[in-house]
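Would you mind keeping the following structure in view while I ask a few things?
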Amino acid sequence: MPKSLSERDQLVNWHPYTQMQTAPAPIGIVRGEGALLFAEDGKEYIDAVSSWWVNIHGHAHPHIAERVAQQLRTLEHVIFAGFTHEPAVELSERLLRLLPANQAKVFYTDNGSTAVEVALKMALQYWHNQGIPKTKIIALEGSYHGDTFGAMSVSERSVFTRPFQQYLFDVEFLPVPVPGKEAEALQRLEEIAGSGEIAAFIFEPLVLGTAGMVMYEPKVLDQILALCHKHQIITIADEVMTGFGRTGKRFAMDYLTQQPDLMCFSKGLTGGTMALGVTTCALPVFNAFLSQDKTQALFHGHSYTANPIACAAALASLDLVEHPDFIRNLERISAAHLAFAGKLDGQPGIKACRQTGTILAVEFEVGETSYFHNLRDQLYHLALDHGVLLRPLGNIIYVLPPYCITAAQLEQVYAVIEQMRLLVVEQF
Ligand SMILES: *Cc1c(COP(=O)(O)O)cnc(C)c1O
């Protein structure tokens, strides 16, 4: 008997966010199509989390595949220092047309964490280059900006970051301005900003993903950003999760009137086809690096910076983002989520339901909550047993589907959440 993918995997691979001693065997996936994943044992799964929030158009999209194949035959890679190429130029041109009007330049990296690292370095060096001693960064409590050291530093300190605590730089954390907490957050910002030492404020606009899909309103974010601008604090919108339709508009920042100085993108950027990160900035940030002095340049880069195949995938994904079906799908999913949340609200076992655009989060009522509570694993496996991939964050289950998910598939996902609710009611 030849070994299965899953068996061979266990001999050689180390998986992310996985306790390798106790985790069940990984599921071998052999094919994807639309919202579906097909496993080697013949089972199929609805990918209701877009494979960690990246596959916004579903799997193996033919348009993206075609564009990537073409690019592979033309130019697979070229160094991006001293050289450039059509896919990177076109992608920057098209991205900048879609982003808030002040965004002027695009810097390429490989993933969300590095997009954040670059934004932090741009913000800190912006002040350094001008000889202004602003070195502190503000972030939101509970936020997640990635797993590299700088990104960890501006993220919530947790059991995940504890082994590295002494190597993380100091950050001021603001309470998330969820409804009812707006005044508190604004007041705290006023206090911190008064010190004059703050270089930058980094935030996940409108939805804090890893925190458990914690949501807050555009109005208070506009007030926060206005305060930052008043105090000359560089603002960094981390749209790695919210970008490309997640919140019901193309970008979460499209709900605001204020514009950020820097923006980070990755997850949805290539439709989940290739690893690519982007940091964009407003012109004053870029200009602060211009000098006859070479040491004023941004000394950051990766071997695969602006890889042409990744850029081609992003261009193909943008074709789909700019197609009229795109907004129609966002509206369809938002409406379905809202209707389902309405049905759940007030039911036994439900503590809260939240929805922003295509993101639905359901918080179950349980005694004490922890990421490691075994309820999380029970919910995860209950969903898989019903052919749905959902990844609970502790007692919170969220749906973040590819925009091509069908109405019937969505109903199947909701039915699983209803099963979860019954399980919670039984146990708590
Ligand atoms: C996932 C995520 C990141 C990190 O992106 P990676 O590509 O996983 O490194 C950063 N910020 C936010 C808001 C994210 O959701």
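Glycine residues also receive a Cβ, built from the backbone N, Cα and C atoms like all the rest.
Not measured: the values here are computed from a predicted model.
So TrEMBL says this about it:
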BINDING   W52, Y144, K267, G301, R391  substrate binding site
BINDING   G112, S113, D238, H302, S303  pyridoxal 5'-phosphate binding site
MOD_RES   K267  N6-(pyridoxal phosphate)lysine
Measuring Cβ to any atom of ligand 1 with a strict under-6 Å cutoff, which of the binding-site residues G112, D238, H302 qualify?
G112, D238
Could you measure between R391 (substrate binding site) and D238 (pyridoxal 5'-phosphate binding site) for me? Cα positions, answer in whole angstrom.
22
Measure from the CA atom of G112 (pyridoxal 5'-phosphate binding site) to the CA atom of G301 (substrate binding site) and give the result in Å, rounded to a whole number.
14
Among G112, S113, D238, H302, S303, these being the binding-site residues, pick the one whose CA is nearest to that of K267 (substrate binding site).
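So, spelling it out, the nearest of the binding-site residues is G112.
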Would you kindly give the Cα-Cα distance separating Y144 (substrate binding site) and D238 (pyridoxal 5'-phosphate binding site), rounded to the nearest Å?
9
Rank the binding-site residues W52, Y144 by the number of other Cβ atoms within 10 Å of each Cβ and report the first-ranked residue.
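For the binding-site residues W52, Y144, the Cβ with the most other Cβ atoms within 10 Å is Y144.
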Return the maximum Cα to Cα distance in Å (whole number) over the record's substrate-binding residues: W52, Y144, K267, G301, R391.
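Maximum Cα-Cα distance: 33 Å.
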Between G112, G301, which of the binding-site residues has the fewest other CB atoms within 10 angstroms in the structure shown?
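Comparing Cβ neighbour counts within 10 Å for the binding-site residues G112, G301 gives G301.
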Taking only the Cα atoms, work out how far W52 (substrate binding site) lies from G112 (pyridoxal 5'-phosphate binding site), in Å, as a whole number.
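A Cα-Cα distance of 12 Å.
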Among the binding-site residues K267, R391, which residue has its Cβ surrounded by the fewest other Cβ atoms within 10 Å?
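Looking at the binding-site residues K267, R391, the Cβ with the fewest others within 10 Å is that of R391.
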Among the binding-site residues S113, S303, whose Cβ has the fewest other Cβ atoms within 10 Å?
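Each of the binding-site residues S113, S303 was scored; lowest Cβ tally within 10 Å is S303.
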Checking the spread of the pyridoxal 5'-phosphate site as listed (G112, S113, D238, H302, S303): what is the longest Cα-Cα distance, in whole Å?
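Across G112, S113, D238, H302, S303, the widest Cα separation comes out at 23 Å.
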According to DSSP, which of helix, strand or coil covers G301 (substrate binding site)?
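Note: G301 (substrate binding site) is coil by DSSP, not helix or strand.
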